[in-house]
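**Student:** Can you read through this structure? Questions will come right after.
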Amino acid sequence: MLPFLLATLGTAALNSSNPKDYCYSARIRSTVLQGLPFGGVPTVLALDFMCFLALLFLFSILRKVAWDYGRLALVTDADRLRRQERERVEQEYVASAMHGDSHDRYERLTSVSSSVDFDQRDNGFCSWLTAIFRIKDDEIRDKCGGDAVHYLSFQRHIIGLLVVVGVLSVGIVLPVNFSGDLLENNAYSFGRTTIANLKSGNNLLWLHTSFAFLYLLLTVYSMRRHTSKMRYKEDDLVKRTLFINGISKYAESEKIKKHFEEAYPNCTVLEARPCYNVARLMFLDAERKKAERGKLYFTNLQSKENVPAMINPKPCGHLCCCVVRGCEQVEAIEYYTKLEQRLKEDYRREKEKVNEKPLGMAFVTFHNETITAIILKDFNVCKCQGCTCRGEPRASSCSEALHISNWTVTYAPDPQNIYWEHLSIRGFIWWLRCLVINVVLFILLFFLTTPAIIITTMDKFNVTKPVEYLNNPIITQFFPTLLLWCFSALLPTIVYYSAFFEAHWTRSGENRTTMHKCYTFLIFMVLLLPSLGLSSLDLFFRWLFDKKFLAEAAIRFECVFLPDNGAFFVNYVIASAFIGNAMDLLRIPGLLMYMIRLCLARSAAERRNVKRHQAYEFQFGAAYAWMMCVFTVVMTYSITCPIIVPFGLMYMLLKHLVDRYNLYYAYLPAKLDKKIHSGAVNQVVAAPILCLFWLLFFSTMRTGFLAPTSMFTFVVLVITIVICLCHVCFGHFKYLSAHNYKIEHTETDAVSSRSNGRPPTAGAVPKSAKYIAQVLQDSEGDGDGDGAPGSSGDEPPSSSSQDEELLMPPDGLTDTDFQSCEDSLIENEIHQ
């Protein structure tokens, strides 16, 4: 089909007239630049740079005076545990800020590190700019986790790749394009920098094809170099734990242990943890702690001021300026006391019933990795017998009761990677939920894919008629590219929430889904549809399945190579580099959510709780997708419009600096698996493949499909696609792959199953590293559950999101003391 289409394109293109009017008629006149000096790039560059400076100035002001946003967040339990060793040498700093040892539960996540030198290095108005360059990878790994280091290393390799591509494109390809004389001989003509300036029979077109293939090789080499340095560490606990689905719902942990120890000689099961439906229990636990905190806050306030506080318990009640029926004020302590008692009772009843809600899943931890791998292989090996393809696991006296023939066995994810509240959503319900969400998402983006359709709708009401003939670069190029950036910035947020409501079992799965969906929609929105002169997916499919598809295909693909078309994407990359990265620094979506939550808070206690709990995990999926979208645009046009590469390099440099700041100062650490990083590598390889596609279409339309340059590009493209498909689907061509990971394990003697001379019993595992929901760990620690070795109620709970957990202050630190600590910290930093 592809050769037939290309041959038709070549024949039609050779006979077609100038497609300029056709392409421009498909767009609105204000979205594509027509005949402006150098495509309006200097004007857009100046405007975006001024906006960038203004946003940086605004950020510096907000950073100095508005510390409530992103300032007083609690760190996760994992972060606290990683810092315990360092805290011994930081007692002087912590004592001055948090009254001695009281820092165990409370640490500031943003802006100023718990390290003394970092507290001193970014106190000034703009000193945070230099602090970004002083942050070392070891400090980022310790503060943000290994995934943040892999992400930043990925960016550095992309920057190195763009440096090489930029030198080749600007130093060689750009002068070659200038040497043509097909377009007007005007120094201000943007078209002279593009491949459209070369005649169809020019032998210099071989240079473009060769460079496209070279860029592909450079991309693969760069990614192999990146992945070879990714010493991805997997915890010993993860490699020794299996996740089993399909167990009998009423199977006991002792029977699971007995099955494995009978079926596999020399097998020791350290722990077998059945899974329960804890979604409602986790919700009640979080609400109960919020109520306790609210009562404590107003109790301390009343003891201090001797005046009972009154609140409006309705959402946004503190914003009401008049008292209406149903919104009367109530006494705060009485309200929170009743609420706490009700939630405690609901929590107690739910906790008693949780053992009656098994999910038919279990996490089983063995004594070493070898036996774990053997068991996994037994349950996943394929032995074809007739029409069935099923492994034959070893049997035991408990096999029939446990329904081992229905088991699905995989390696367990990291405990911090699991959404425990989502495990109850599975099977048909999960697939139906996922289908409905994605259908709604597709319908939404089907019609609202690009900003062109919005402006086209405005044209129907003659809104844009007065500016139609201005031919001003601000009107024709700055606002359309800014609007395109706004839509592309909104898309990851929409896709993220769609992935969130899909209720994935792991954070890695949620991030991978977000990354792939975002990247696909962004490529359509930002690259494919604007290049083809289409305004939405609606028009794309109508054109694709129209009877006149082949007749109009050549003209549509001619739209890609119009002289002024590249200017639109150059200006988009400029907008992403300056305005996009500045907005990432300001974190406007998070700020808006923070303001909404403050408005919905019912009292001062809840507003203070919001201020402490507004930090979230860094969304690697959305960040990878957006960054790879811009990189794909740059690589796709790196040969047809080489002037885009320096601006792409500028985008990546600013993006790297902004992400270093945000990862270290603004977001919670996230624990993911390596699949999210390998998925990003696959998206990188897609960029030079699209560049080959662009050159193939250009060569086919200019010289025909049978021309040597067209055939060479086609053969290279087919071979590349075949190798990629064989590697992704069947695991072949590993030495030609962009992946070259090296897996390392944490230093634990897995074979002897001993750690520091002692066997790794369940009691030796930290609470945050146990395969049990945190709310059940707390129950065991309180003595309300069956108990577990090593569990202690004195250990603070951990959480992955600060909205899930509200930690109580440690012994010896009252709520009033903590409030005074907050106030003194903020006041001290504002006046520095």
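A Cβ is built for glycine as well, from the same backbone N, Cα and C atoms used for every other residue.
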**Student:** Read off the topology recorded in Swiss-Prot and answer whether Arg602 and Lys770 share one side of the membrane.
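**Tutor:** For Arg602 and Lys770, the topology recorded in Swiss-Prot gives the same membrane side.
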**Student:** Looking at Ser17, Ser30, Ser111, Ser397, which is the one Swiss-Prot tags with phosphoserine?
**Tutor:** Ser111
**Student:** Consult Swiss-Prot and report the residue, out of Cys322, Cys384, Cys559, Cys729, annotated as S-palmitoyl cysteine.
**Tutor:** Cys729
**Student:** Select, from Cys51, Cys691, the one residue given the annotation S-palmitoyl cysteine by Swiss-Prot.
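**Tutor:** When Swiss-Prot is consulted, S-palmitoyl cysteine appears for Cys51.
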**Student:** For the feature S-palmitoyl cysteine in Swiss-Prot, which residue out of Cys23, Cys316, Cys382, Cys387 does the record point to?
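**Tutor:** In Swiss-Prot, Cys382 carries the S-palmitoyl cysteine label; others show none in the record.
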**Student:** Report yes or no: does the transmembrane segment (642-666) come within contact of the transmembrane segment (203-227), defined as 3 or more CB pairs under 8 Å with a sequence separation of 6 or more?
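**Tutor:** No; fewer than 3 Cβ pairs under 8 Å.
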**Student:** Per DSSP, what is the residue tally for the topological domain 'Extracellular' (703-707) in helix, strand and coil?
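**Tutor:** With helix first, then strand, then coil, the topological domain 'Extracellular' (703-707) has 1 helix, 0 strand, 4 coil.
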**Student:** Sequence-remote contacts (6 or more beyond its ends) of the transmembrane segment (146-178), Cβ cut-off under 8 Å?
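**Tutor:** Those are 137, 140, 192-195, 197-198, 204, 207-208, 211, 214-215, 218-219, 222-223, 225-226, 229-230, 232-233, 618, 620, 623-624, 627, 631, 634-635, 638-639, 642-643, 645-646, 648-649, 652-653, 655-656, 659-660, 663, 669-672, 676-677, 680-681, 684, in sequence order.
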